């Protein structure tokens, strides 16, 4: 039987594991009956619970806190007759109320998440047949990975945007499979299948095969990343038809996303620690009582009765007040007119906003708008900015006007005029690129044939540009604005339109595309009217400096533009004779056919052309920042928050944005971490970095991976000392890994902010996640704890609302504890005087009323208190630094409250015992009334800025108490409480308990004022 049991267990484990295992798959076209496998549903899910796990899940989250578990035990103990003290409802009503409030709040959060997910999951696409897993998509977001069958372009290409997946702003070129692109519209008549590798994390690779069976011989085509459209990308051009290969949990974007976790604020953890200390004090006090009693009789039972008697030391209303306070802060944040559209999605952690030390931000769409604008053209002797572009335009109009009248003579020129240099520079920018103009078809003429394309509508308002880089589109748009327009382009030719409307045609002989290694792109063109062959090249200054002819201005001007945060490109040209070109072409074709070291040989042939090129100009393009990014980052830096930028974009782009957004200040050096691939290289590079002081760090994802593998602790320690860190080429998983590293190594609170699907993991991993509703979708804002509409709102969210939430919760938590400790002190004094009897001082309704109707409103009104006005908090962000030290709620402040409670409890109880006359019932009346008055006065003492609702709450509570005296016959002697002796005794006791504290507070404010009070005065 033992063997059978073991094998059954193994089998069960195997079955469970087998379900989770990700497999390669074969997807059939035209034969849906062959697709037997079941795949996950294609929907996003941000919910934490389902209908079955909600109640157990919420109860677990509540009772994992020591505070709530303690109350559950105390409340259950009241079912034991020998331990029963007072009425059951005095213990169960508050506990039930706490759980009801918490469940209601969690339910509202959960329903909102469900509705948001439902809205996202109900977005539609066209499914071409009811049986086949194929869909047709036009200019829309893709929610499931596709393998590309055909596109609306003749050559089977289409462009997609991937910034929601990898943070890169470039458009990516995707290609349909050749054999299906050439087929007529009916793709269902063929018998074919796609074999796809098992789902993986890597978003930059894919392996698969496409096989068509109904031909002889069978057609096999290998599939790569070029043939796929991942989920969370957007089709930017044309219409595509594809086959779904992965769904739901198996998509790359979901595999790279971590699951939402229940976040607990630091303040809650601190209060949890304090309640444990209070519980210890409570047990010690109970043991002392039993010891003084002499351990007589059933002392163990009496010990437990004392523990229950002193259970008010840890007030159950603490959780209620804090939870209601959190909801109030959330409401205030959402109602703030200065940050419209802000949504609080997780209402349990608003205090975290006031404790942040690290802010990890995405770049694309968060700091930048992802819109490129041409800003600067430099010709060496003269520079043109946005305000002088009209001069360039007039030069272009003039030069092409002269050109059409008489073509320029091609003789040797001594010195070119400014006009001809501008003409050549603009022409080079208009020709040297990979941009394609696209014309939207109006579809008016249905029978339009291809021959009519010559008369196509080349009007400016009908034209859009497509390219893999937004920089190139910005350059081509600029040449259009100064008069030289790209009107047509295919694989072998391109056409420009001059200001006079004349069309210049060029034949494309060769294109050398941009790569991250070469950092440049080139094109060889033959002008059809003259037959001249010209080689144009543009690229980064580091790559081009050695290629162009000697000059004395390029390096300096590149530095100047980079300091302004502009992305620079150097443009050059070289005229080739027919013989030179033919010689090059022969060598180039030969190199392309070689089997060994093909890449190196091709590069060597191209480099033979790249010598002594004529430097034409330097261009500067700006990636527009979001509104008020610079002042916001400045504010956060002054507030003591360290900002790390994590982006999937290229190193150069990330460095540019770090400078232009002033993430790295102008005076600071930047240390670019060299690419490392081994332990030795990482060691040397870390040593080089260690010698630098006060400089920002820029590191790529691959190098980061190597450093973390071998020198995790050393790297994090060094990086944390930097004023700013930029990590580029980061995958979504890496972003989350960096957040977790900071949490482990620094014990500081982290905040992540982003706007794309690639930021979700980072947002969920951070202590506090903020999502921005971007142009590309709401994925990040849905998964975040707080959602804002613009980056600049984060300043006010942290410095004003974060401060208020933390300060208010700290004051509220400690005051509620004080309220419990003062009554427990009175109970201890009462028991010790009356022969250590475990009898309650106040019974039934007095205890319930004390924690609710008599003091609840004034105490809760502390959530309206503020120590600094919002304007002051924004003007002096340095005040925020104090909050991160956690001085508003610490063992020191807690100890002060304990001493205050012991002093006041002792005075109230001893005063009542000393001053009472004939009957014991008078002690209860005097002490309880003095207690209520003391609490109301203590609230007034704690408040720093009065609000009219606070005054109402104070008088309302006092009114409620006075009105209820008429009904409390069983506790109070009504004939006594209407006499003068009662009034003066209560007043005297209250004065002695409160006046010294008022005097101490006044002296402290006078001789040792807090930093904020110096500002407000």
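Each Cβ is built from the backbone N, Cα and C atoms, and glycine gets one as well.
Per TrEMBL, these features apply:
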- 35-92: domain 'P-type ATPase N-terminal' (DOMAIN)
- 89-108: transmembrane segment (TRANSMEM)
- 277-297: transmembrane segment (TRANSMEM)
- 303-322: transmembrane segment (TRANSMEM)
- 362: active site, 4-aspartylphosphate intermediate (ACT_SITE)
- 362, 363, 364, 472, 514, 538, 567, 647, 648, 649, 729, 735, 758, 759: ATP binding site (BINDING)
- 362, 364, 755, 759: Mg(2+) binding site (BINDING)
- 440-464: region 'Disordered' (REGION)
- 450-459: compositional bias 'Acidic residues' (COMPBIAS)
- 782-1009: domain 'P-type ATPase C-terminal' (DOMAIN)
- 816-839: transmembrane segment (TRANSMEM)
- 845-864: transmembrane segment (TRANSMEM)
- 894-914: transmembrane segment (TRANSMEM)
- 920-941: transmembrane segment (TRANSMEM)
- 948-968: transmembrane segment (TRANSMEM)
- 980-1000: transmembrane segment (TRANSMEM)
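What TrEMBL annotates, mapped onto the structure for a quick look.
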residue: 362; record: active site, 4-aspartylphosphate intermediate; Cβ within 10 Å: 30
residue: 364; record: ATP binding site; Cβ within 10 Å: 28
residue: 514; record: ATP binding site; Cβ within 10 Å: 20
residue: 567; record: ATP binding site; Cβ within 10 Å: 23
residue: 648; record: ATP binding site; Cβ within 10 Å: 28
residue: 729; record: ATP binding site; Cβ within 10 Å: 21
residue: 755; record: Mg(2+) binding site; Cβ within 10 Å: 33
residue: 758; record: ATP binding site; Cβ within 10 Å: 32
residue: 759; record: Mg(2+) binding site; Cβ within 10 Å: 37
Looking only at the domain 'P-type ATPase N-terminal' (35-92), what is the mean pLDDT?
81
Tally Cβ pairs under 8 Å between the transmembrane segment (816-839) and each listed stretch (89-108, 277-297, 845-864, 894-914, 980-1000), then give the stretch with the top tally.
894-914
Going by C-alpha positions, which of the recorded positions (362, 364, 567, 729) is nearest residue 759 (Mg(2+) binding site)?
362
Per the record, ATP is bound by 362, 363, 364, 472, 514, 538, 567, 647, 648, 649, 729, 735, 758, 759: how many Å separate the farthest pair of Cα atoms?
33
Whole-number Å value for how far the residue listed as 'active site, 4-aspartylphosphate intermediate' lies from residue 567 (ATP binding site) (Cα to Cα):
19
Which bits of the chain, at least 6 residues beyond where the transmembrane segment (89-108) starts or stops, bring a Cβ under 8 A of a Cβ in it?
49, 54-55, 58-59, 61-62, 68, 71-72, 74-75, 78, 316-317, 319-320, 323-324, 327, 347, 844, 847-848, 851
Whole-number Å only: compute the distance from the Cα of residue 755 (Mg(2+) binding site) to the Cα of residue 362 (active site, 4-aspartylphosphate intermediate).
8
According to DSSP, how is the domain 'P-type ATPase N-terminal' (35-92) divided among helix, strand and coil residues?
29 helix, 0 strand, 29 coil
Verify whether three or more Cβ pairs under 8 angstroms connect the transmembrane segment (948-968) with the transmembrane segment (894-914), leaving out any pair fewer than 6 apart in sequence.
no
Quick check for me: are there 3+ Cβ pairs below 8 Å between the transmembrane segment (845-864) and the transmembrane segment (980-1000), leaving out pairs under 6 residues apart?
no
What residues elsewhere in the chain lie close to the transmembrane segment (980-1000), defined as a C-beta under 8 angstroms and at least 6 residues from its ends?
900, 903-904, 907-908, 911-912, 915, 917, 922, 925-927, 929-930, 933-934, 937-938, 941
Given the binding-site residues 514, 648, 729, 758, tell me which ones have a C-alpha lying within 10 Å of the C-alpha of residue 362 (active site, 4-aspartylphosphate intermediate).
648, 758
